[in-house]
Amino acid sequence: MSFAELLDHVGGMGRFQIIYAILLAIPVFMTASHNLLQNFIAATSEHHCHVHININNTPYTNLTGKLAAKDLLRVSVPMDSNQQPEKCHRFVTTQWQLLDSNATVTNLTKLETEPCADGWVYDKSIFTSTIITEWDLVCDSRQLKQMAQSIYMAGVLAGGIIFGGLSDRFGRRSLLIWCYLQMAVTGTSTAFSPSFTAYCIFRFLTGMAFSGIIIFPLCVCLSPAVEWTPTRTRAVVGTMHGYCFSIGQCILAGVAYAIPNWRWLQLVVSLPYFICFIYSWWFVESARWLVIAGRPDEAVKQLQRVARINRKKEEGDKLNTEVRLDLREACKTSRYKSLNDKDSLCINTCLLHPRFSTSFAYYGLAMDLQNFSVNIFLIQLVSGAVDFPAKFISVLTIGFIGRRFTQALTLILAGLSVLANIFVPQDLKTLRTVLAVVGKGCLAASFNCVYLYTSELYPTVIRQTGMGFSNTMARLGSIIAPLVKMLEEYIPFLPLIIYGAAPIISGIAATFLPETLNVPLPETIEEVETRLVESVGRQEQ
């Protein structure tokens, strides 16, 4: 009896699988908040140099307080090309002549200025407090904002490498419980950071936990839920978790609007993970992993527990000695290997660089979302809402046509949408926006497919290790994307060429991967070898 048949024997997609999928989905709502949180807690408000002048000692004390404050800014801080106060400089001496309507100043550019020596004044009409306003991460320190996000992404990268391998050796359950606790503790600690350095350290640790969490639920790396889910329902459950992430993006916009203080916002999105940590002790270890790890008796106990929850106790009790012997035999034939043990698996991994291209192009487009002439909360809401129709269409094609077709099509369409923007004039903002939204939607659909597809391509013996590697490729894509954006200073359309070409190449490569629709999960590396050879053979024919 195969493992897929065992799952059907103990209830298939029963009450246990539904509860399990829901409990794994709950943290996904908040992972979106942590991944995109710096859009709000590090939002840059309008600012200018702080001015220290006693208005009562000026030649214009007869003016009203409001007018005097406005004019005080005019004589202390130069204006930029948009007639807004300069953000990083002020006049060395107060230019009172600028208040005289009869006087003429022939060359304002020759007035001597200096950097802001007494701090800055921030517009707090939208955000009352951010890490920018608290630690003055503006002007010469403005790059620290990007560095903080890079440090967080480095934590995500480190977490994918570390937790992916550990979970294959020590099990899914224990690592997931630890990641929930780490996310709760480090996320909460971030809210109480006494300095920018401490903030970066806690964000790095939070990124590690984030990566560990998304390695497990269906949303990003579907191993535990997939390993307990029947073949016919994987796409539906995977898409449900993908929608949770999209809903989380929309929820973040509302929460950030309601909580304009960054410390309180950080706290609100972190504390719920303590609840996740508590209920995660109910989780069961993957029976598939227990078999591969040489613990068949424990695997049978877990299957019997699932059968009881699914109200199939009698069927669970029928998992007799013969089944145990079959599982023990599976343990003997299953070999624990690394990704480098088989050339064909290395080829398989190389072909899975759609994870890199999807993340790379996605974050490349996400940088352009700021070009919309709307407020930051609406941008966040729209970027999350775009995913809904895209993922709905993808679940139909994933479930009825196939994973390979969906993966290849979404990547190629996304790349073409990005490349099309090269030929659209800058003044046609509506058309450029539509193309960008279509591209982001295609990439959202690609994400929806690649999470499921990748988990189905790796065998159980190294599924988490492979998913950790795959997650690493995605993180590298998100880190490199903003660096490519800098190339537009030399050739304006070069970043779009790179953002568009990468998913097209990956989409073509995806056509050589084996189809996994209605195919049982591979248990050993040998099964993957066979499927890959057959797939490449069909493509050559």
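Every residue gets a Cβ built from N, Cα and C, even glycine.
Keep in mind that TrEMBL annotations are predicted by a computer and have not been checked by a curator.
According to TrEMBL, the feature transmembrane segment maps to 18-37 (among others).
A mean pLDDT of 77 is what the model gives for the domain 'Major facilitator superfamily (MFS) profile' (98-518). Annotation source TrEMBL lists domain 'Major facilitator superfamily (MFS) profile' at 98-518.
Marked as transmembrane segment by TrEMBL: 150-167 (among others).
TrEMBL lists 204-226 (among others) with the feature transmembrane segment.
Distant neighbours of the transmembrane segment (238-257): 21, 24-25, 28-33, 36-37, 39-40, 217-220, 222, 225-226, 265, 268-269, 377-378, 380-381, 383-385, 387-388, 391, 394-395, 398, 444, 447-448, 451-452; these residues of the same chain sit at least 6 beyond its ends, with a Cβ under 8 Å from one of its Cβ atoms. Residues or ranges marked as transmembrane segment in TrEMBL: 238-257 (among others).
Residues annotated as transmembrane segment in TrEMBL: 264-284 (among others).
Annotation comment: TrEMBL describes 372-393 (among others) as transmembrane segment.
According to TrEMBL, the transmembrane segment annotation covers 405-424 (among others).
The transmembrane segment annotation in TrEMBL covers 430-453 (among others).
For 490-513 (among others), the entry in TrEMBL reads transmembrane segment.
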Stretch contact, the transmembrane segment (372-393) with the transmembrane segment (430-453), Cβ-Cβ under 8 Å, 3+ pairs: yes
Highest-contact recorded stretch vs the transmembrane segment (490-513), from 18-37, 405-424, 430-453, CB pairs under 8 Å: 405-424
